[in-house]
Every structure is written in structure tokens, then in C-alpha cells.
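Trainee: The structure is given below, and queries will be raised subsequently.
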């Protein structure tokens, strides 16, 4: 009886222990690297081959997890000791991970291998934490642009050259507003700028969703309000509040709301459920539901390859002072502080951040390399596939990019601000929401 | 009970006369009976271990964590009542509690109504096992699949339901993305899923009511509705109470269909408590505060269940 009892207890203990130990952190000559981007996983697979060939006996394992599970999986890995040696990270999680000592500061390694950080045109400062240390090499950069259905432009009588130079101001919306009105068509064929236009029955929206989406507005309103000199945080890095009560911001939000009220832009929830697209922007352009949309650079090849539809890319709007201002975002390549193989992990990370790998992987056009020479190669390579990325490269050359700021408690901010934005754009709340949004940002940014 | 005592006393009397004090009762059985205890312990061991490892320990640790600041990557720091203070001032918590209550009321009222009606109709028609088996089918589908399929069917652009609605009214209904519709839609989904199961439970309860009672009712000239109101409902009370309690608990713990469809939106309109707790814990890694909210939810459920049991006299039946 006693033996049976002991056996049972042991079996249970085994089962319980089994819950914690899966594929444990790599050692020896293996480097585990994680990404949430399926396309980048393939693109960096090219670098993997070259790296393994140059370093015989080493084995790089690239694993991709869906972005919805990625950070939960990563955090669970930190706790269980099964996190990857190095991984792609979003700046939203820099503070959470760095402040809890999960990320390895790279300064010493950078100095030791004399990596010239100046070779990166964007993203270096984004990955400096409040302790002044560098925690990642920038892995890519992204910005937004306008994607339009070229045939619809022609049909509506809008010259492409006009769309390449759209102006905007928060009072009457500039030529952007006029073009969007013209591109909107109701079920009876009336354009948005014609008398008798029925805003309740839209066949084609002039511009894709401009409301909701994110509290940063990267692919919606940010490139508009930023031309007025408005910035999200009161400081570039580690802000103490978000400037949601600034009159420049509130005026812009009113204008964004007027786009949906006038029927030029889909209302919240038209093509989304639970803030996720039920129909992707690419399909909306492809099916003619939307004539023009703001989108991220990461979608450029997707838009460029819609069968039977010619999609053009235009830069974001020129503000009242005739200049553009575009938010750029850089993901980082982090090394886990708990890696058993820091030297090899750094070798892989620094190789990935080098011009050779960036050129090789960037040629797929699935991301934009932070190194200008590699970026030029991406543009050339994508041109041969029929996708013109000149617009994005021009941003860099004109110096209109400004990096999105790193801020504390990213997911908490998102979780609290997102519903307030939705309430505003759904018409449940009016201007009184802005002071609350600012106060909430202040509270959450100050935590810890 | 009385007989057992008599048996035992008889054994005491029959015991050896040399034993001065009567030994404890449990020692008195024959040798084979004594071994039963060990076998019994052995048989319950897996269950007890499972309970200890997967319920008791996590729960106690949860209670401990609810008084700490715990971000999973560093050890928990004891903060005393800080989390509870935060909870009392957390508007989103109270809002989500309200949303949950609204969802529970809709689900339970609608759910019990529909299942009761279905069960009674089935009972009167005297349907066979096949129909009852079909009824329970939606319950066998996982919540995630239910939510996914219905999200597509109710989509304002592509959904078949909205295609029909658009033909009739000219405008689609934003089931999941308007604040007025979000919770009722989720409740309807939940009712659709659990209705068959509840109906089968109530059906079983109906079968326990003796047919003679209905015969007597019919002789007294009661109509079908009068018999339902004055005979079926009171006699069904113990089963109904159980179904209501199960439904209240299940509905309060709703998570899967919300996470798959609305994710708590739009503008927090469908932010049920479990959703908020999940977001705090696994989205923001604020496990200490999430544990506090879980504890609050647990205590509330205990209170609600206890009150329901007391008020509905669930232990008694009117058949006696």
C-alpha cells in the first residue's frame, strides 16, 4: 500500500513538474531567435544560412509566434528559463523587460566588437533605456504612407500628381479633404462633393479607417497632427504625459471625426470586430470598398501585389507650413539576460545588424533595413518586382521622420486609452474625453 | 442511523469481558473492514493530490498574491491592502462588474426562459433520445469555435445574418461593434450554446414529476398553462435552482467568447470582469492586482450562490 502511495505521489509530481519543462534554453552552439513576423522569419532565414556557413558547427533556430501570443510566450519563457537567446522586440515592452533585468545591455559588446552605431539611420535612440544603456540594435524601421487605387483616381478625375502632393490643415482639411470627398461614392454613383450625395449608403469610401486603431495614430491621424508640431509625449523619450489636451490635437480629432460623420471614412466597427480587421486594408482596396487608405510600410509589398488592381503609394500630407512629418517606429533585436550563450547570441545579433545580412534579408522587401545602403538595395530589389518604395526612402532623405517615443507601461497605457478613443469616435463621448485621456496617461506613465 | 447504533452496541456487549473500557467505535469492525480505510485513502489519493496541486495550492497562493505587487519577472512584494485600495478606486473594475452583471442577467433570464420552454414542450410531446441528443449539440461545441463562427455570420459586411437584415431594413446591424448590441449579442451566443444542456437538465427534472399529479390536475379541470404554473414550476424548483445557480456562475465567468469576438470593445462596452482580469495579468503582467480582482470575484460568487441557495430553499422539494 505504502509503495503504491509513493508511486502515485511520484507520478503526480512528475506530471506537475512536466508542466514547467519544455524545450529548455539553448546551450552549446545553438542560438534561438524569435520573431512575430512570418515574412521576416523567412527573410532572416537567408542570413541564417550564411551565418551558419561562416561559423561551422553553429546552429541558429528561428522561431515565429503570432504577435497575439508572442509577448505572453516570451514572458513565460523568462520565468521558466526557456526564453530565446535573442529576439525581436517592440519598444512598447522595452521598459517592462529592461526594468526587470531581462534584457542584456549591449554597450560593452558594442564597444568590444567596435560596432559603429552611426551606420543605422533610424532607431538607435529608441532602444536606449532610462539608465542610458543601449539594449538593442535596431532591426528595421517602418513609417506610413497613403495607398490608393489608381484606376479609381482616374475614374473620379483626380490626377495622380495631386495625390502625391496633398496639403492639409485642421480647419478645412486642405486638398486632402477635397480629394477624399471626390473619391467617396454612394450607392447611386454620386461623389462625396456632389449635391444629393447620400452619406448613409456608401459604395466606396474615399479614405480607409481614420478613427480608433491605436492611441498613437501611427497609421491614421499622427502624420496629420504631427505636421502642426504636436508630439505625443511631453518629452521625446520617457514622457510623463501624453499631450491629448493640446488644442492642435483636439482640433485634429474633430476633423477626423468629421470624416466619418460626412461618410468619407468608415465608422468604427464597419470593417472591424474587437478592434481587429475582419477585412484587411489590402482586401478593402482590392475589392473597391475603399479608394485610398493610410497604411504601414510593412504592407507595401502586399498592396503592390493585389491581382488586377494597380495601387500607387503617395507620401503623407504636407502640413500648413508645407512640410511633412512622419512617425517612424523601429523594432529592436534584444539579447535575453538569462542566455547561456551570450557570446554566440551577440555574434548572431551583430551579424543580423550588419550591412551584409540587412542587404540580404531586406531584399525581400518585407521590412526596411535601418542601414541606408541596405535600404537602397531594398528599394531597387522591390522596384524589379513592381513595387515602388521611393516614397519611404525619400522620407529618410528629406529628414521628415521622427521616431516614436519609448514610454513606460506600454500595454497598460494601450489598455486604458484605447477604449477612450473608441468612445470618442463612436460618438459616446465628446471633448470631455481629452482631459481624461491625458490624466490617465499621466497616472499610468508615472507608475513605478 | 438508529439501526447502526443498535448494531454497534450489540457488538460491544458481545465483546470479550476482560476489556474494561469500551474501545472506540471505529476500531470495532472485523479485520477486513479496518483495511477499507487504507483502500479508501488510496482511491481518493489521486483526487486529493489533484485538488491540492491544482486547486488548493493555487488558490492559497492566489490569495497571497492578491496582497502583493507581482510582475512575474521579479519576486512578489508584500503591499498589504494597497491592491484593495486600488480596486475600490478603479472605475474600470466597477464598470466591468456592471457589464458582467448585465451579461449575467440577460443570459440567465433569456437562457432559463428558452430552456424551460423547450424542455416543457419536449416533455409534453414525449420526444426520444435522438432529439434530446441534437438539442445538446451546441453545448458540445467549444466557446472559441462558437464565437468565431458567429463573428463571421454576424459580420456587418460579410455575414449571412446581416445580408438578410440588409435586404429587409437596408442597413446592417453592428452586432459586435456597437455599444448597445455588444453585450446582448454575446448573451445570445451564450444562450444558444448552453440552452440545450439546460433544457436536458430541466427535462430530467420534469421526468421526476409523477404523472398522477397532472392527472389530478386535469380531473380538476386545470388548463395546460395553469398546470405549468401551479404544478410544474413549484415541483421543478430544486432543479431550476440548480440550473440558475450553475448558469449564474458560468455567466459570471464568461471569457472565451468575449476574448475571441469583441475583446471587451467597443469602448469597453463588453469588458466583462474576466476579460479585464486577463488583460491585467497576461496583457500587462500585473499579476498582483489581477489576483486581487479574482479574489473579489470569488468572494462575490460565494455570496451570490449562498444567498440563492437560502432564498430558493434549494434543498427542499414540494413533492413530499
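The chain as shown is numbered from 1 upward.
Just so you know, glycine gets a Cβ as well, placed from its N, Cα and C.
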Trainee: Can you say which of B:14-33, B:74-93, B:134-153 is given as transmembrane segment in TrEMBL?
Mentor: B:134-153
Trainee: Kindly point out the range from B:214-234, B:235-255 that TrEMBL annotates with transmembrane segment.
Mentor: B:235-255
Trainee: Test of understanding: applying the rule of at least three C-beta pairs under 8 Å (pairs 6 or more apart in sequence), is the transmembrane segment (B:287-306) touching the transmembrane segment (B:99-122)?
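Mentor: Per Cβ check, the transmembrane segment (B:99-122) does not touch the transmembrane segment (B:287-306).
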Trainee: With Cβ-Cβ distances below 8 Å as the criterion, list the same-chain residues six or more beyond the ends of the transmembrane segment (B:287-306) that contact it, or say none.
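Mentor: Distant Cβ neighbours of the transmembrane segment (B:287-306) are 62-63, 65-72, 76, 79, 83-84, 86-87, 93, 245, 248-249, 252, 273-274, 276-278, 280-281.
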